[in-house]
Amino acid sequence: MVKLDKHLLYITILLLAAFSLIELPTGTDTLLFLVTIVIVGIPHGALDHVIEFNDTRPDKLQLVKFYSIYIGLIGAVFACWYFFPQVSFLSFIAISAYHFGQSQLFYLNLKGRFVHLYYLSWGMLLLSMIIYTNIAECMAIFDSLEWLEVSQLNSTLWLSLLIKSGTLWITLTCLYLAKGQISMKEFGRELLLLAILLGSSLVTNAVITFTIYFGIWHSFRSLLLTFQSIRKNVGNSISKFIKAAMPFSVAGILFLGLGYYLSFHFDLGISIYMIFIIIISTLTVPHLFVMNKLYNPLH
Ligand SMILES: CC1=C(/C=C/C(C)=C/C=C/C(C)=C/C=C/C=C(C)/C=C/C=C(C)/C=C/C2=C(C)CCCC2(C)C)C(C)(C)CCC1
């Protein structure tokens, strides 16, 4: 991971330089976002069934149980959005924050009872930083879903989350540094990544910054980790890996496409990013449980 992260840092810096120097035609950010979601975003979750049964040969009952729980959770999250949109939205932000923090920092091998809080604080720091520095853009996205009543999700909330999560992340980092569980080099690298993403957030916009983070640091990194861990199932071949990810990637893309189709067909006026947030939140909950299994044995 450490070697890979160095290369990813160079790529992120190059992208930031390119995006800040080149005047992008209108709509490039949306195109980039959609291409990233299709190429790495959805596929990184489409191997959940392989990860789940990595070390076992599941019988029919186990398969039925897995798929029923997975699809049941998707339905439950949809129902929550219908009945409690604001709670669902804020819960999704918190769940995403934890998931992002875990996928970013799992390699540190941290121990103790604050690990989950540490992951949550890193992810919340990232998301609140992107949202607060692009508050008008993000409020327009959130506001497109009328039921969300965004007046309470204003800049004061995101600033307060930014300060609280930042303080918590720094405090816990100091604790882990003092315990020798994190080295200064590792801390420096994580701080540099956050500084680059802050730079991107200030120089470009929320969509581009989120796309850079989600494409490179979350999805691509997670795909590589999944490849390493399921190698014994699919062999060392990239084409077999792509083949294994294909069916549910297509299903995931169709699912997202259906969300877009329905929203445009019924002229709901919901931003494409907000539709992404709703559809992805339904997949994220079962995905988080499966990925937990992948990150935990590596501790
Ligand atoms: C296996 C399986 C399957 C599949 C699955 C899948 C395909 C998954 C995926 C998953 C995934 C794929 C996940 C993901 C996640 C993600 C996330 C977690 C995200 C978050 C985000 C956010 C939070 C953002 C926000 C924003 C925007 C968007 C714009 C700008 C601004 C902001 C930053 C605010 C099925 C169902 C078919 C069946 C059963 C089994």
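The backbone N, Cα and C atoms fix where each Cβ goes, glycine too.
The annotation transmembrane segment is assigned in TrEMBL to 7-25 (among others). Within its own chain, the transmembrane segment (7-25) has Cβ neighbours under 8 Å at 189, 192-193, 196-197, 199-200, 203-204, 208, 212, 216-217, 220-221, counting only residues six or more beyond its boundaries.
The transmembrane segment feature in TrEMBL is assigned to 31-51 (among others).
As annotated by TrEMBL, transmembrane segment applies to 63-84 (among others).
Long-range Cβ contacts of the transmembrane segment (90-110) within its own chain (Cβ-Cβ under 8 Å, at least 6 residues beyond either end) map to 1-2, 80, 116, 118-124, 126-127, 153, 165, 176, 181-182, 186, 190, 213, 217-218, 221-222, 277, 281, 284-285, 287-288, 291-292, 295, 298-299. Look at TrEMBL and you will find 90-110 (among others) tagged as transmembrane segment.
Per TrEMBL, transmembrane segment is recorded for 117-136 (among others).
Residues annotated as transmembrane segment in TrEMBL: 156-178 (among others).
Summarising the annotation, TrEMBL assigns transmembrane segment to 190-216 (among others). Residues 8-9, 11-13, 15-16, 19-20, 29-30, 32-33, 36, 39-41, 100, 104-105, 122, 125-126, 129-131, 133-134, 137-138, 141, 273 of the same chain, all 6+ positions outside the transmembrane segment (190-216), place their C-beta atoms under 8 angstroms from a C-beta of that stretch.
For 241-263 (among others), the entry in TrEMBL reads transmembrane segment.
What TrEMBL lists as transmembrane segment is 270-290 (among others).
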Stretch among 31-51, 63-84, 156-178, 270-290 sharing the most Cβ pairs under 8 Å with the transmembrane segment (241-263):
31-51
Given the transmembrane segment (63-84), which of the listed stretches 31-51, 156-178, 270-290 has the most Cβ pairs that are under 8 Å apart from it?
270-290
Which bits of the chain, at least 6 residues beyond where the transmembrane segment (156-178) starts or stops, bring a Cβ under 8 A of a Cβ in it?
97, 108, 110, 114, 117-118, 120-122, 124-125, 128-129, 131-132, 135, 184, 187
